[in-house]
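Peer 1: Below: one structure in structure tokens.
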Amino acid sequence: MNTPIRRLTTVVALMFVALMVMATSVQFVQAPALNADGRNVRTVYREFGRDRGPIVVAGDAVAVSTPVDDVYGYQRSYPGGALYAPVTGYFSAALSSMTGMEAAANPVLNGTSDSLLVQRIQDLITGAQPQGGSVELTIDPVVQQAAWDALGDQRGAVVALDPQTGAILALVSTPSYDPDPLAAHSSAEAQAAYDALLADPADPLTNRAIGGDLYPPGSSFKLVVAAALLESGDYGPDSEVPAPAELQLPQSTQVVRNPGGISCTANDTAPLIYTLQESCNTTFAALGMELGQDALREQAEAFGFGAPLEIPLRVTPSVYPTDLDEAQTAMTAIGQYDVRATPLQMAMVSAAIANDGVQMRPYLVATERGPDLEVLRTTEPDELRRSVSTETAEELTAMMVNVVEQGTGSAAQIPGVDVAAKTGSAQAGEGRSPHAWFTAFAPAEDPEVAIAVLVEYGGNEGDLASGGTTAAPIARQVLEAVLDR
Amino acid sequence: MVTITEQRARSGRGVELVLLLLALAVGLYAYAQVGLATTGALPVGMAVHGGSLAVLALGTHVVLRWRASYADPVILPVVVALNGIGLAMIYRLDQAYEAADRTAGFADRQVLWTAIGVLAAVGVLIALRDHRTLRRYTYTAMVAGLVLLLLPLLPGLGKTINGARIWIGIGPLSFQPAELAKIVLAVFFAGYLVTQRDNLALAGPKVLGLQLPRLRHLGPILLAWGVALVVLVFQRDLGAALLFFALFVAMLYVATERLSWVIIGLLLFGGGAALAATAFPHVGARFDVWLDALSPEIYNRQPGGSYQVVQGLFGLASGGLMGTGWGEGRPDVVPFANSDFIIASLGEELGLTGLIAILVCYLLLAERGLRAAIGVRDGFGKLLASGLAFVVAFQCFVVVGGVTRLIPLTGLTMPFLAQGGSSLLVNWMIVALLLRVSDSARRPAPLTGDLPIAPIAGGGPSVPVDGGMPEADDSSPTEVVRLR
């Protein structure tokens with residue numbers, strides 16, 4: 001019986017060889033593909049056991065990890081709270097998800113960024129726990145707070161940026177949420193918090209400043225039309241343009257009227273600068289048709305419409321619609337029909353005008369530092385595109401200053417400072433109060449800040465809301481916060 | 001001229017002690033490492049759990065010195081190392097389960113079952129002075145084996161857990177009788193085959209170069225096949241059916257040396273499995289999962305999806321070559337991480353390196369058992385030891401093969417590693433039997449005694465010393481005893 005037992009021994013050995021080959025196949029050959037599989041939660045889990053670096057605003061952490069005694073080892077918390085939630089996002093072990101800057105700057109925060117390679121090799125040799133780097137934001141806490149306070153309990157967004165560099169000084173979206181419960185390690189607690197936020201009709205998880213819903217820009221889009229007019233070379237600020245009380249749109253029953261249904265001027269024509277000052281709908285609808293949809297689209301795209309952008313948070317591209325007939329072109333020219341914009345996009349329009357026609361790339365990260373506080377990377381201002389010529393920018397500036405001094409934007413006047421601005425009140429749909437818009441920059445001659453304010457569905461003023469009455473005072477408080485610092 | 005010099009045979013007990021201390025060190029180190037990684041301190045139960053394991057292992061060593069002093073010195077240390085590693089992983093998963101507010105405390109029970117298992121093994125070693133005693137119970141074992149296998153089908157006694165009716169419950173206790181049936185049926189097969197081997201090996205008709213058995217001798221294999229199919233169909237236990245049939249075919253082959261039995265066996269089982277796969281959805285589902293685990297359709301299928309298998313693969317993959325380290329991975333994500341899928345847990349935290357080391361331990365154990373089978377002089381002992389060693393190896397093959405997708409997944413436990421009392425108890429008893437057989441295999445034959453001594457090869461006519469014919473092959477050596 002020994003011969004068959006010896007053969008059986010060989011069979012047993014072969015079985016184990018087969019197992020070892022198969023284990024090698026899974027753990028070595030197939031491993032990269034399996035690790036990259038979207039259904040593999042381990043990759044996310046691994047993130048949560050790390051000593052994650054802080055997100056810093058002006059020296060204070062708005063997101064920080066502290067060691068705790070449980071399976072994850074570290075608890076993420078948000079001293080910045082709801083005020084900074086649209087920027088920081090949240091980092092949730094229990095929900096296996098991260099958003100906002102937590103996701104966008106994840107490689108630095110968790111210490112796996114290529115720039116931290118040397119650090120990682122050191123950790124490997126010394127056996128130290130890998131440590132994440134820190135991310136310092138461009139946000140100015142005073143401006144951020146001012147924007148938050150000014151919006152109050154209204155739904156909306158404020159974006160303020162430095163037109164000369166593109167550094168974002170404030171990015172506020174209301175209502176916001178407290179990220180702390182989402183970062184709870186108890187999955188029941190985190191899930192309950194998340195479900196409550198999802199169920200909230202006010203939609204606190206939507207970042208109104210850069211993503212999610214886009215808004216019709218209303219009259220604030222007239223800046224783009226005005227820029228196209230000036231760029232065409234056929235118009236100057238003083239060119240006489242049509243300003244009738246109403247405008248019958250071709251191949252349509254629709255009639256464009258001015259706010260209040262009145263004529264913008266005693267005559268049926270007026271200087272272009274005056275029509276912008278009073279935000280005459282008939283004028284811009286007529287001129288929009290004259291320019292045509294292609295010229296308008298080119299100008300909109302020169303301001304950044306339709307272009308993907310990461311700051312490094314992902315910004316939903318603003319939309320200029322295609323295949324328009326004449327009536328639709330007219331409606332688009334006054335910021336209605338299907339044209340849609342983010343508050344950041346409208347701030348970028350003002351910023352380009354403020355910066356002599358050159359649009360700088362907006363950014364949120366000032367500096368990335370390693371765990372030893374050594375600077376890994378600082379963001380250098382980067383020219384994104386030229387939106388308008390220097391002359392056009394100067395002429396538009398003068399027209400926007402005029403809006404605040406004599407026109408619809410008077411609520412944004414700041415004594416001793418020239419403020420350049422444009423209001424907007426966008427129809428938000430049948431039976432809904434209009435969205436109130438305001439975009440501005442100041443001081444007009446040497447701009448320090450460009451801003452866009454959006455108050456959803458008229459905010460506290462409801463049907464009576466307009467850009468000039470609802471959004472302009474908010475913008476003024478934010479501009480003052482910048483100029484006073 | 002032949003000169004016979006007596007040399008004292010080595011018992012190997014000293015080697016065993018050294019290896020045992022090494023094995024204990026592996027288990028205790030793993031245990032301490034788990035505590036340090038998950039809580040930053042040594043485990044609370046370290047003294048109790050670790051101490052118990054050490055006392056049990058060293059106690060068994062002492063019993064071996066007393067009752068089986070020539071037993072193979074490698075078997076016990078390998079088993080202690082595996083049991084220790086299993087305990088550490090179960091404790092490690094307890095930590096994760098506790099943190100997630102899930103049922104935990106499996107490690108405490110596993111320590112208790114380890115103690116029960118070791119005591120049972122010690123009991124076997126003390127009570128059973130000679131494994132040949134078991135041969136007396138051949139037909140008792142057959143009846144007991146069939147009863148044990150079919151026990152879960154009894155209404156009122158059997159319990160269906162996770163879709164398989166392989167448990168019996170008595171009050172709060174549940175037990176898998178199939179585990180115990182492994183030993184009992186191995187005893188029966190060994191006893192039966194050793195007397196029937198000539199009949200079964202006798203020449204029958206020859207077809208296509210294959211020596212086929214006579215039809216009337218096919219009876220037993222058809223019976224075994226039938227029982228396996230009943231188990232498969234009514235208990236939905238593909239693993240146990242596969243295991244018993246493999247055990248039977250392997251022992252039949254060892255007894256008869258006829259490859260035809262193996263081929264007939266494979267054909268029968270293949271046919272039965274193919275039939276079952278088409279006739280029973282739950283068996284068919286296992287095949288789908290095996291062939292195409294990663295496709296989203298099968299992954300999300302309810303019931304019979306590949307979620308568990310795929311999660312196990314993710315765990316193994318995330319372990320990679322070197323593993324995450326004790327307590328540093330997330331093995332608790334995989335369902336049944338401490339029982340059916342403990343191999344995936346170990347592969348994740350110890351990596352391919354650790355997994356292969358563990359497989360080598362099992363290979364060593366099986367190889368030592370088979371070596372005892374070769375060395376032992378009686379046919380019953382040869383069959384019993386080779387059957388038990390093979391069943392341990394085959395069980396590893398089925399479990400690890402299922403987890404790594406070499407073969408379809410079946411619900412079997414990894415001997416000594418997986419959480420579960422019946423399995424631990426029975427496997428320790430198997431170890432005791434292997435130790436017992438290896439003791440008689442390695443014990444030098446007395447130079448002056450009743451046993452006939454075969455002549456040294458080439459040293460004269462091959463005539464039994466005492467002149468008589470050996471009555472049966474199970475009491476005479478099948479191999480020449482070499483003396484130096």
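Cβ atoms are placed via backbone N, Cα and C, with glycine included.
Pasting the relevant annotations from TrEMBL:
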type	residues	note
REGION	B:464-484	region 'Disordered'
TRANSMEM	B:42-62	transmembrane segment
TRANSMEM	B:74-91	transmembrane segment
TRANSMEM	B:111-128	transmembrane segment
TRANSMEM	B:137-155	transmembrane segment
TRANSMEM	B:175-194	transmembrane segment
TRANSMEM	B:215-234	transmembrane segment
TRANSMEM	B:240-256	transmembrane segment
TRANSMEM	B:261-280	transmembrane segment
TRANSMEM	B:341-365	transmembrane segment
TRANSMEM	B:385-404	transmembrane segment
TRANSMEM	B:416-435	transmembrane segment
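Could you place the listed features in the three-dimensional structure?
Peer 2: Sequence-remote contacts of a segment are chain residues at least 6 beyond its ends whose Cβ falls under 8 Å from one of its Cβ atoms, and for the transmembrane segment (B:137-155) they are 165-168, 177-178, 180-181, 184-185, 187-188, 190-192, 195, 227, 230-231, 234-235, 240, 244.
Sequence-distant contacts of the transmembrane segment (B:175-194), counting only residues of its own chain at least 6 positions beyond either end whose CB sits under 8 Å from a CB of the stretch, comprise 134-135, 137-139, 141-142, 144-145, 148-149, 151-152, 166-169, 200, 220, 231, 237, 240, 243-244, 247-248, 251-252, 254-256, 379-380, 383-384, 387-388, 391, 420-423, 425-427, 429-430, 433, 473-474.
Residues 74-75, 78-79, 81-82, 85-86, 89-90, 92-93, 308, 311-313, 315-316, 318-331, 334-335, 389, 392-393, 396, 399-400, 403, 414-415, 417-419 of the same chain, all 6+ positions outside the transmembrane segment (B:341-365), place their C-beta atoms under 8 angstroms from a C-beta of that stretch.
Counting same-chain residues at least six beyond the ends of the transmembrane segment (B:416-435), those with a Cβ under 8 angstroms from any Cβ of the stretch are 64, 68, 71-72, 75-76, 79, 82-83, 85-86, 89-90, 106, 109-110, 113-114, 116-118, 120-125, 128, 131, 175-177, 179-180, 182-183, 338-340, 342-343, 346, 358, 368-369, 372, 384-385, 388-389, 391-392, 399.
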Peer 1: Going along the chain, which residues at least six beyond the ends of the transmembrane segment (B:111-128) come within the CB cut-off of under 8 Å?
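Peer 2: Same-chain contacts beyond the ends: 45, 48-49, 52-53, 56-57, 59-60, 63-64, 67-68, 83, 87, 134, 420-421, 424-425, 427-429, 431-433, 435-436.
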